[in-house]
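First the structure, in the form of structure tokens, and then the observations on it.
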Amino acid sequence: MKPVENNHTIPEDFRNFKTEVKVASPGRINLIGEHTDYNQGFVMPSAIDKKIYFKFRKNNNDNLCRIYSETFETYVEFNLDKILKSKNSWENYLLGVIDEIQKLGKTLKGFDCILKSELPIGAGISSSAALECGFAGGLNSLFSLNLPQMEIVKLSQRAENNFVGSNCGIMDQFASVMSKKNHFIKLDCESLEAEFIPAEIKNCKLLLLNTNVSHNLADSEYNSRRQQCENAVQIIQQKYPKVKALRHVSFEMLEEFKEKIGPVSLKRCRYVLKENARVMKTEKALSSGNLKELGKLMYASHRGLQHQYEVSCPELDFLVDFSEDKSFIYGSRMMGGGFGGCTINLIESDKIDEYITEVTKAYQEKFNITPTPITVVPDEGTQITKV
């Protein structure tokens, strides 16, 4: 049976929901390392203190699943033996997770789920990964599937790649599940080796400013950037077969093949190599508490995304430009896939309120849109509790 949206007839027994498993599944930020994950490079994400909350219970039915989203005020039900795409995109993340769990040969039975989100959609803080990973983790606990955390990460990524059809890397799911409170993860997206770096930002906080715009270029341009990088790798592979991704490419190799690669792809590749180097430098800056150096790296990352990778937009550029002459802001850059979403700003704690007022006024005057400020703290990954 195809998933059925039915806003008006939420089952009566949902009013008195006896929870068996509770899940808090966080969104994520990425301090630096943008568009490097699908090039097998390095990233530096963390889960945040804004989450999606799930409640699960078994419903004593072999096949019927019932889900209510308080956020979307939407009720949906479907059968486990016929997982088909829904017209509502948020449902497909959940259906994809079920599909991947069943492909692993794991047995699910009927269940009920209620979910509620604090995460804005389209802000670049990975509400999709939080949805997938929290849902997968909850089912893993409810049905004692014994899937390890890394399998939850990987099956959630596969759900997004295969069922939703978004060609994402693994960073978002890894950060949502694996993060530690008050730490960033330096993640090697090839080996999945992770180092936890203390978030030593002293008298500062991380402020996200949501542009509240989403330019519809995002999907097509994301796929095009990925293709440009992969095309360059294929050209270089002809001489250097050990090169499997941009991660293995040097500036010398790019120079050697620049005619074949072409000017646009060359620009994209140079950005990725430089961004990987910035992640390494950011680790040193964080470890030594050098916030000025950290801030410079954030600005350099943004300029690379703006001019070389070309995934920024006027609204993001305005917010970064506006911050740059403020002595109490150490760094700012766009975060996420681009063409909208948030900037991430490293700002002195006692200046946040004053700055929010100032930047909101300027942004409203320029674009006639109100940006949404979100203060975030690096936090734990997925939390699952059996009730």
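Placed from the backbone N, Cα and C atoms, the Cβ positions cover glycine too.
Model, not experiment: these values are computed from the prediction.
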Further binder of substrate named by TrEMBL next to Glu34, His35, Thr36, Asp37, taken from the candidates Tyr93, Tyr222, Tyr240
Tyr222
At a C-beta cut-off of under 8 Å, are there same-chain residues at least 6 beyond the domain 'Galactokinase N-terminal' (18-55) that contact it? List them, or none.
113-119, 125-127, 129-131, 133-135, 137-138, 141-142, 167-172, 174-176, 179, 183-190, 197, 199, 206, 208, 225-226, 229, 244-248, 271-272, 275-276, 278-280, 282-283, 297-298, 301, 305, 309, 311, 333-337, 344, 374, 376-387
For the binding-site residues Ala123, Ile125, which one has its C-beta crowded by the most other C-beta atoms within 10 angstroms?
Ile125
Secondary-structure category, per DSSP, in which Ser128 (ATP binding site) falls
helix
Which of Ser69, Ser126, Ser127, Ser128, the listed binding-site residues, has fewest other Cβ atoms within 10 Å:
Ser69
Of the binding-site residues listed (Gly122, Gly124, Glu160), the greatest number of other CB atoms within 10 A surrounds the CB of Gly124
Looking only at C-alpha atoms, tell me how far Ile125 (ATP binding site) is from Arg28 (site 'Transition state stabilizer'), rounded to the nearest Å.
5
Whole-Å Cα distance, Ser69 (ATP binding site) to Glu160 (Mg(2+) binding site), is 19
